[in-house]
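Here TrEMBL flags Asp186 as active site. Residues or ranges marked as S-adenosyl-L-methionine binding site by TrEMBL: Gly105, Glu128, Ile129, Asn163, Thr164, Cys183, Thr261, Glu262, Glu263.
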Amino acid sequence: MSEPKNKRQKREDYRAALRANGVTELPRKKFYRQRAHANPFSDHSLIYPPTPKQMDWASLYPHYAVEEPTEQKTETTESEKTTGQELSAPAIRKLTKNVEVADIGCGFGGLLIALAPVLPETLVLGLEIRVSVTQFVEDRIKALRVQNEEQKLYRNIAVLRANTMKFMPNFFNKGQLNKIFICFPDPHFKARKHKQRIVSTTLNSEYAYVLRPGGIIYTITDVPDLHEWMVGHFNAHPAFERVSDEEQEADPLVEIMRNETEEGKKVTRHNGQKHVALFRRLEDPQWPEEVSA
């Protein structure tokens, strides 16, 4: 059943007015509501870079942008070789540092906001597939930056609408990240929907690609079956080992993950149980020495 036009119009009018004023006040969540689930296999008309080096990070982290943009050279075609022309991609401003922490399925941004002051020297990125929810987090971050301009807070966090199940290697280079958060992902209870879970044999290989050795994947859920699924798949992957309970509980980011996400707060209100597991990216095995002929 479609939503009443007047309700949609109120949402659109609120967002337009908020942005017209430069987003100086925190957005109200009720004007950004959207269905809790999105099919990751659907065509969401997403925009993504062909390669990580063509990603415009400066638009997300303007305070870390290098002043002079760098022109991107692309492969020259045969016709261009004949005419002496070279194909150049649009100039892209570089950053003084790379994104190193990713929150996959960041929801309404609770974890991002909490991590900003705790990791002040680290660029943290939230990835969210839902349009309205992404817009909420974007407006929330803009308002927080304005409200804390003198303290220079919240400049190190940003949000991007993306489908990590399809395009994660398009954004991050090999070994670029040192932390990945997977907080309260969609459990997809039905067996036929398990292929849509954000943890799988294939996806874990992509996480291993973008995560540097020694990096940590943080997982949390209130669904025991999903917890066992994630633990089983990461334990079975040769690039990961589970972090001990002692080391896990000594990590200050675990407590933030437990309590600062929207879903985490909801589980607390309902006296639910939160299942946490951390996994460390192992060093890649060395290639065997070539046998001399």
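For all residues, glycine too, the Cβ spot is worked out from N, Cα and C.
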Here the 10 Å Cβ neighbour count for the residue listed as 'active site' comes out at 18
If we take the residues Gly105, Glu128, Ile129, Asn163, Thr164, Cys183, Thr261, Glu262, Glu263 that the record assigns to S-adenosyl-L-methionine, their largest CA-CA distance in Å comes out at 20
Taking the Cβ of Glu263 (S-adenosyl-L-methionine binding site) as reference, which residues of that chain separated by at least 6 in sequence fall under 8 Å from it?
Gly107, Cys183, Phe184, Asp222
What subset of the binding-site residues Ile129, Thr164, Thr261 lies within 10 angstroms of the residue listed as 'active site' at the C-alpha level?
none
